[in-house]
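Annotated features in TrEMBL:
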{"type": "TRANSMEM", "residues": "A:48-66", "note": "transmembrane segment"}
{"type": "TRANSMEM", "residues": "A:133-155", "note": "transmembrane segment"}
{"type": "TRANSMEM", "residues": "A:181-201", "note": "transmembrane segment"}
{"type": "TRANSMEM", "residues": "A:222-248", "note": "transmembrane segment"}
{"type": "TRANSMEM", "residues": "A:268-286", "note": "transmembrane segment"}
{"type": "TRANSMEM", "residues": "A:293-310", "note": "transmembrane segment"}
């Protein structure tokens, strides 16, 4: 997995993604597009590409940071109770602001997700955790509580199916006016890169990082806020995509070790390439129809990851 | 409070709730009592099995946020059910006959676990981290396949799938209950051989080996025990592993000890209390208008956070 190959693959797949679709636009026509072609290009193809890349990059990097901070390979970025708070937000916007536009609903849900993360961190602060296991544990329990409140009301108003369809990964619905919230995550991703070394040190434990002169609590908090914000934005606009937050960071660390700064580009690229490839395949296989991204990711991803994992096992660990 | 007192407290509480559940508003003895009896027995069996296997699983993996569902048994169960309904229809013998369905589910899940363990331990990796990653990947694969079938299935048939997506104690077959009880009894007897190793295993692989435990041998046997327990419990009432995470952690925080002889007993009784209490609330207060998991997750989660916060105040 040389980084140059990943970069090349990434560029090729991005270009392919722009030119695959029902209405044909060939790469040669880019500079001489008819009005209709330009319209499709700007309202559908480009937003789709952007959202695929941000989702792939964002979720896998969040997973990596979260696993580093909690020193636990099985923590996914949704473990901090973010997703459950966002779901509660969706529910509230569905019940109270039924007529609001999708973007407004997303913003409401995003605010809920931030508020949820804030409460989660207040709880963590008061607990004075002696052990990093308490970060994901408190997150899971907090998520459970918020989740049960959501399910309770969703059950009452018969909204369970509606909510689960909202959160199902789907790039087909991405058009201009529905995905702009995703841009929030770009500055956050840059921030994540700047803080990468500090996250690596924080991952060595509280005492160790304090000895090295790191403000442990502050770094952990920044990491959690970055993860929460990116996760909720991605999940709200695109939906949940399996594997990204958990398996991709793990595969990269199996090959590359635990230096976060070095792993970040690999993880980001692998995440983006993976989603791009699956999305393109899903659009081609039963052309002109589409297979939902959740299925292609689930099936193709399982195959690839099993091969990587088992192939690795042969050479010993 | 000593550990023993706490255990007695839990036993008394569990017993009170069970009695309450059996005898509250009891008008028609012959009709209601056997039904409630079956239900309570199902709750006790599955609750105990889930709590027990989750505690062992967390010890083996040294990770307190995991439940056995991570190796994909829950999603496999859903895949089996969806596949049966998808290919043979919801009126087929394979779906309607509970004995056949139970048999198929348990056998497929146990075989799957066996193949998974075999393949991974044979490769020489002998690494639990690895087993879990492969389990997650397979679990996601099963999940996507069942979602795919659920999307293209006939809507009427889907209702029959949906019924199996949530654990329910309202409709448990009595014969299967006795069969499961027997199986559980046998697994428990087998487990007692390994009971003494658990405290050592919780120190981690290296320490356990240094202290003279035949690590791989014991781990393999324990994993098989877990897979059997989870398969039977899931086939009996549906996917219910969410409970394990909650009760195991509440048990650790409540007991404040790492001795497995206490933790396992405590988690079993906490699990029974949670399920019986939750079922009571669902039936009596909400008159079935909400799933059991909502109550259990809410109350259990709040209680867990309360235990953590209370502890930090003393400092």
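Backbone N, Cα and C define each Cβ position, glycine as well.
TrEMBL annotations: computationally assigned, not manually curated.
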Does the chain bring the transmembrane segment (A:48-66) near the transmembrane segment (A:268-286), so that three or more CB pairs sit under 8 Å (pairs 6 or more apart in sequence)? yes
For the transmembrane segment (A:222-248), distant same-chain residues with Cβ under 8 A (at least six beyond the ends): 51, 54-56, 58-63, 65-66, 69, 74, 76-78, 80, 82-83, 85-86, 90, 106, 109-110, 113-114, 116-117, 120-121, 135, 166-171, 174, 178-179, 181-182, 184-185, 188-189, 191-192, 195, 199, 202, 267, 270-271, 274-275, 293-294, 297-298, 301, 305
Beyond a gap of at least 6 residues from its ends, the CB atoms lying under 8 Å from the transmembrane segment (A:133-155) belong to 69-70, 72, 75, 78-85, 87-88, 91, 95, 116, 119-120, 123-124, 127, 163, 220, 224
